[in-house]
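Colleague: Sharing a structure, written as structure tokens. Questions coming.
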Amino acid sequence: MDVTRLLLATLLVFLCFFTAYSHPPPEEKLRDDRSLRSNSSVNLLDFPSVSIVALNKKSKQISRKEAEKKRSSKKEASMKKVARPRTPLSAPCVATRDSCKPPAPACCDPCASCQCRFFRSACSCRVLSLNC
């Protein structure tokens, strides 16, 4: 009885595989040469033409200056961020990279959080965001 079930299961899997891969999606169906030629010529005409423009030195310098301004403004914006006030440390807390298995108290660093791996068998406090 087990052999017949095994054979039937194998046959069922083979039939499912065969039916799934024997029918290609509509865009992959084979076509005759005439339709391929007509489609390829139409596709080439559908796309807009590409124009190549040479940049002179002045435009290159302007773009460099604009890029430097953007970089400096981003640096200034990141430096202007106000540091959020840190909560006072509670006496029982776990240091960064130490074990913080669930009955343990919270992490000492306010930017750190307890991350568990391997089905909560190995947990440690880790700092996730560098901007904190």
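Keep in mind that glycine also has a Cβ here, set from the backbone N, Cα and C atoms.
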Colleague: In Swiss-Prot, C116 is listed as disulfide-bonded to which of the following: C108, C123, C125?
Modeller: C123
Colleague: Which of these links to C108 by a disulfide bond in Swiss-Prot: C93, C125, C132?
Modeller: C93
Colleague: Going by Swiss-Prot, which one of C111, C114, C125 is joined to C132 by a disulfide bond?
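Modeller: That would be C111, the partner Swiss-Prot lists for C132.
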Colleague: Per-residue pLDDT averaged over the domain 'Agouti' (93-132) comes to what?
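Modeller: A mean pLDDT of 81 is what the predicted model shows over the domain 'Agouti' (93-132).
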Colleague: Identify which of the disulfide-bonded residues C107, C114, C123 has its Cβ surrounded by the largest number of other Cβ atoms within 10 Å, counting every protein chain shown.
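Modeller: When each Cβ's neighbours within 10 Å are tallied, C107 tops the list.
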